[in-house]
Amino acid sequence: MASDPLLSRSNGNGITGITRMSVDDMLSGYAGEFGRWQLRHFVLTSAAWALEALHTMVMIFSDREPERICTGVDCTTLDPCRPGSGWDWVGGSGSSIVSEWGLICGEKYKVGIVQSVFFVGSLIGGGVFGHLSDSFLGRKGSLTVVCALNSIFGLLTSVAPSYWTYTLLRFLTGFSTGGVGLCAFVLATEPVGPSKRGAAGMSTFYFFSGGIAILAGIAYHFRSWRTLYVVTSLPSLLFLLIVIPFLSESPRWYLVRGKVAKAMDVMRDISKTNGNEIPSDLSLKLDGEDNKDEEAGQEENKISSGSILDVLKSRVTRVRLILSIAINFLCSVVYYGLSLNVVNLKTNLYASVMINSVAELPAYALTAMLLDRFGRKPLSIGTMVLSGLFCTAGFLAGVFDVMEVIRMVCGVIGIFGMAATYNLLFIYTSELFPTVVRNAALGCATQACQLGAVVAPLVVVLGKSFPFALFGVSGIVGGFLVCYLPETMNKPLYDTMAGIEEGEREILK
């Protein structure tokens with residue numbers, strides 16, 4: 001009977017040497033795929049998604065147009081573009097930026113500008129911090145920086161003296177916010193074993209939806225937009241001081257940076273906390289490396305981080321990147337478009353935001369249950385097409401002047417499907433690329449999402465039936481593009497470009 005190559009190997013002199021294996025093999029065979037260590041680390045890290053929700057969706061309340069109250073004798077002849085001449089804002093001029101700076105009528109376009117500018121900042125920040133987290137700064141270091149910047153820019157926004165200063169600060173907040181979810185997702189899921197990674201990744205968006213629900217409650221109690229920015233910025237500061245010190249850097253990042261000893265320290269900590277033990281003669285290796293002995297205390301040759309240029313040079317990853325960018329863009333247009341369109345429903349804004357955030361939770365639960373049964377690809381196709389079909393139905397309901405409740409139901413199902421897709425794409429995209437370029441590639445996908453978010457407010461402004469029509473087409477086309485991506489369920493999470501190319505060659509044999 002042949003000996004297990006993962007357990008022992010002779011060095012040729014009759015002496016058993018150190019056996020080296022991948023992170024996935026060590027997690028599956030010795031440390032534990034999702035034990036107490038991963039659960040604690042996952043919850044603490046994923047809490048950053050709630051912070052992203054606060055900084056992103058605060059615009060729904062801070063940039064809203066408040067209700068008006070008649071203060072004159074004849075309310076039918078008042079000029080709607082002249083506050084103070086017989087009418088005033090409910091809650092006073094400080095309830096939102098619209099009421100404070102008179103962003104109505106001819107100035108209404110400025111609301112759309114500042115919201116798009118925020119997402120432009122997120123687009124840039126996603127790419128910058130995606131690269132930094134793959135390179136010298138690391139996953140934990142990047143998350144630390146973005147949380148610090150978020151708290152600073154958010155607090156400064158609360159004292160913005162003018163609209164243009166406010167716009168600049170929202171751009172800067174978007175820049176730092178663009179890296180929060182990206183860094184938190186990768187840091188939370190990379191220490192998780194392959195069979196548990198999908199379900200864990202799907203669970204990160206519970207924190208985002210929970211953050212939106214919390215925001216609705218905060219906004220209900222703090223009606224001043226300036227106070228709202230203070231209250232929503234403080235959690236980032238608390239996260240920086242209380243949570244970050246207890247997070248661990250990703251062992252995969254240590255490994256690709258040549259810090260094998262530190263990677264092994266993390267793996268041993270995982271194993272010990274999970275009640276397991278890693279044999280002393282085991283060590284880590286990257287994909288494609290030979291199973292060579294390692295001198296005690298000797299660091300491996302440093303593997304420098306890759307870049308988007310490396311992704312584009314390889315035909316395998318180039319096609320995946322182009323498709324991922326297009327699919328993430330279309331998904332984001334629909335998701336953010338349906339989310340921001342809540343201001344046009346003419347219902348209680350706080351209740352509507354709360355209901356929308358809660359409605360997303362079943363989508364995450366359902367996809368988490370089905371993810372490892374049907375795979376990433378079929379679920380992505382199904383959820384995008386589902387959303388596209390119901391958005392198309394919403395468009396037809398508007399054309400034929402069907403009851404508004406029908407359009408509302410179509411919108412709810414549409415956001416149900418696209419929220420599931422949005423969550424699923426984070427997992428799918430991260431699994432399509434090796435560790436050495438994972439955050440850079442995921443950063444590009446995140447930038448595509450932010451570009452979609454830039455477009456979404458401009459689509460919503462058009463009103464009537466057009467938004468539903470565009471959302472329907474986007475969902476169906478996106479589902480069609482997913483057909484050209486490979487399935488990643490239960491496939492290796494490669495570390496290097498050479499590893500993924502070799503893996504693809506093996507599949508084609």
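Cβ coordinates come from backbone N, Cα and C, glycine included.
The feature domain 'Major facilitator superfamily (MFS) profile' is assigned by TrEMBL to 41-490.
Annotation comment: TrEMBL describes 113-131 (among others) as transmembrane segment. For the transmembrane segment (113-131), the residues of the chain that approach it from at least six positions outside its boundaries are 56, 59, 63, 97, 142, 145-146, 163, 166-167, 170-179, 182-183, 307, 336, 340, 439-444, 446-447, 449-451, 453-454, 456-458, judged by C-beta separation under 8 angstroms.
The feature transmembrane segment is assigned by TrEMBL to 143-163 (among others). For the transmembrane segment (143-163), same-chain residues at least 6 beyond its ends with a Cβ under 8 Å from one of its own Cβ atoms are 45, 48, 51, 55, 97, 101, 103, 110, 114, 125, 129, 132-133, 137, 169-170, 172-173, 175-177, 179-180, 183-184, 187, 226-227, 229-230, 232-234, 236-237, 239-240, 244, 247.
Same-chain residues lying 6+ beyond the ends of the transmembrane segment (169-188) with a Cβ under 8 Å from its Cβ atoms: 41-42, 45-46, 48-49, 51-52, 55-56, 59, 114, 117-130, 132-133, 139-140, 142-143, 145-147, 149-150, 153-154, 156-157, 160, 200-201, 204, 208, 247, 249-250, 426, 430, 438-439, 442-443, 446-447, 450. Sequence annotations record features per position, and here TrEMBL assigns transmembrane segment to 169-188 (among others).
Per TrEMBL, transmembrane segment is recorded for 200-222 (among others). Same-chain neighbours of the transmembrane segment (200-222): 34, 38, 42, 46-54, 57-58, 60-61, 181, 184-185, 188-189, 192, 228, 231-232, 350-351, 353-354, 356-358, 360-361, 364, 367-368, 371, 419, 422-424, 426-427, 430, counting only residues six or more beyond its ends whose CB sits under 8 Å from a CB of the stretch.
Annotation source TrEMBL lists transmembrane segment at 228-247 (among others). Same-chain neighbours of the transmembrane segment (228-247): 41, 44-45, 47-48, 50-51, 54-55, 58, 61-62, 140, 143-144, 147-148, 150-151, 153-155, 157-158, 187, 215, 218-219, 222, counting only residues six or more beyond its ends whose CB sits under 8 Å from a CB of the stretch.
Taken from TrEMBL, the feature region 'Disordered' applies to 279-299.
The transmembrane segment annotation in TrEMBL covers 321-338 (among others).
The feature transmembrane segment is assigned by TrEMBL to 350-371 (among others).
Taken from TrEMBL, the feature transmembrane segment covers 378-400 (among others).
Look at TrEMBL and you will find 406-428 (among others) tagged as transmembrane segment.
Per TrEMBL, transmembrane segment is recorded for 440-460 (among others).
Taken from TrEMBL, the feature transmembrane segment covers 466-485 (among others). Outside the transmembrane segment (466-485), and at least 6 residues removed from its termini, the chain residues within Cβ reach (under 8 Å) are 319-320, 323-324, 326-327, 330-331, 333-334, 337-338, 341, 377, 380-382, 384-395, 398, 407, 410-411, 414, 417-418, 421, 428, 432, 459-460.
Mean pLDDT for the domain 'Major facilitator superfamily (MFS) profile' (41-490) in this predicted model: 84. Remote same-chain partners of the transmembrane segment (378-400), defined as residues 6 or more beyond its termini with a Cβ less than 8 Å from a stretch Cβ, comprise 327, 330-331, 334, 338, 363, 367, 370-371, 406-407, 410-411, 413-418, 420-421, 424-425, 428, 464-465, 468-469, 471-479, 482-483, 485.
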